[in-house]
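Pulled from Swiss-Prot:
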- Arg37, Glu38, Asp42, Arg150, Arg151, Gly152, His153, Thr154, Glu174: D-ribulose 5-phosphate binding site (BINDING)
- Glu38: Mg(2+) 1 binding site (BINDING)
- Glu38, His153: Mg(2+) 2 binding site (BINDING)
- His136: site 'Essential for catalytic activity' (SITE)
- Glu174: site 'Essential for catalytic activity' (SITE)
Amino acid sequence: MNQTLLSDFGTPVERVERALEALRNGRGVMVLDDENRENEGDMIFAAETMTVEQMALTIRHGSGIVCLCLTEERRQQLELPMMVTNNSSQFQTAFTVTIEAAQGVTTGVSASDRLTTIRAAVADNAKPSDLNRPGHVFPLRAQPGGVLSRRGHTEATIDLVSMAGFKPAGVLCELTNDDGSMAHAPEVILFAKQHDMTVLTIEDLVAYRQAHEQKAS
């Protein structure tokens, strides 16, 4: 990643720490993955704090595929089968079946309805019957070990919200341009500045975790 593009958001360490602070303050962050991977920017929010306004922003400026990142433990708690048994996607993106809140929604498509579904799925006492299948929210199962085991947006989301002090559940959606094409670093940075969001890379997060875990060992 061209570090000059990201210089307005601080050093790699500062970018991670600013992202954690933003999440703690109920704001979203933008996460860029590696240029030789998807080379895309995702909007990321803590599931516990996401607002209807933030969901509306996500739907308006994103791909429309609003994903709920979960751990394997939560997937099992909710009894969510994986979408396919043989995952042949390029980056092994681990979708489960889609979900909808069993109560409190209409068609399930609106920002309010999608947020109701997310809140139902991440509630401490959530049970399988709280969710209908299929629906308009796309759960993603994160790999154990986070970005140190897979350098994906799913794992970055779980790492960031956990490090910020929230339960390991976060919402992501890929940022798109007005013409429907995928947003890359220059467009992601412009969007972040327009919406007072900080930007970091998965590479930043990998280095941050490695440094802190080496200190702890």
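Backbone N, Cα and C define each Cβ position, glycine as well.
Where Swiss-Prot records a feature, it is marked here on the structure.
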residue	record	Cβ neighbours (10 Å)
Asp42	D-ribulose 5-phosphate binding site	28
His136	site 'Essential for catalytic activity'	19
Arg151	D-ribulose 5-phosphate binding site	18
His153	D-ribulose 5-phosphate binding site	30
Glu174	D-ribulose 5-phosphate binding site	20
Measure from the CA atom of His136 (site 'Essential for catalytic activity') to the CA atom of Asp42 (D-ribulose 5-phosphate binding site) and give the result in Å, rounded to a whole number. 18
Of Arg151, His153, Glu174, which is closest to His136 (site 'Essential for catalytic activity') if I measure between C-alpha atoms? They're all binding-site residues. Glu174
